[in-house]
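For reference, TrEMBL has these:
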COMPBIAS  191-202  compositional bias 'Low complexity'
DOMAIN    18-70  domain 'Myb-like'
DOMAIN    18-70  domain 'HTH myb-type'
DOMAIN    71-121  domain 'Myb-like'
DOMAIN    71-125  domain 'HTH myb-type'
REGION    183-202  region 'Disordered'
Amino acid sequence: MTCEVNACGSGTAIGEEEVGLRKGPWSVEEDLLLMNYIADHGEGQWNSLARCAGLKRTGKSCRLRWLNYLRPDVRRGNITPEEQLLILELHSCWGNRWSKIAQYLPGRTDNEIKNYWRTRVQKHAKQLRCDVNSKQFEDVIRQLWMPRLAEKIRAATYSSALANATSSTAQKSPAEGNLEPVQATTWPQDSNSSKDSSASLNNCTTAEWSDGWAESLLSGGAYEESTMANMEQSLWSVEDIWLLQELC
């Protein structure tokens, strides 16, 4: 049996190299070994890295574990609406080149983006009886999906900005009892301005969301507020569904 000297300087019997390798879920101890080794030595040749770190894993397993789960810049949570819109745009240019698309979504892995495409986009194409690569489904994405998604993102952004402005104004109000009675100041509220703001918000959100929907073609956004729930449920109106069926 031949023996080679690995990057760590110890001899490894080639015939025994694959013996005893672990498979399946990673343990916390293995994650710590991998993270600590990369923190000290950086990334490198993954096969030798696995041996030097004391991990009984293949180099490929170590690479995927690090890139998809353990990297400090890996983003957690579901794909946001903004990211979904970018994925749709980039996919129309580059197709299934997931690694290239991932370069424009910091913290997202190519595998995560591919899974989004398969579990969301392909699923909806199947529901509409469309070929996901067909010109008809491309028109659906361009003419309906992306514009609707952009509208809901703008509505959510406006709603969030309005809530932040309201909160900021409330924080500037003087605390009760901190001022002398003669200096007590009331903060007048412009009822007309308040009504105008509420009406504007209602025009931007409620009016858009009140037409009803057949089903949502967008799910899994990362917003945790109720605004995101409304956005997910109302991306497509009944009229949109009819048009989708006609296009496909």
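The backbone N, Cα and C atoms fix where each Cβ goes, glycine too.
No curator has checked TrEMBL annotations; they are predicted automatically.
What you see is a predicted model, and the numbers here were worked out from it, not measured in a lab.
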The domain 'Myb-like' (18-70) - residue tally per DSSP class, helix then strand then coil: 33 helix, 0 strand, 20 coil
Taken over the domain 'Myb-like' (18-70), the model's mean pLDDT: 90
DSSP residue counts for the domain 'Myb-like' (71-121), split into helix, strand and coil: 31 helix, 0 strand, 20 coil
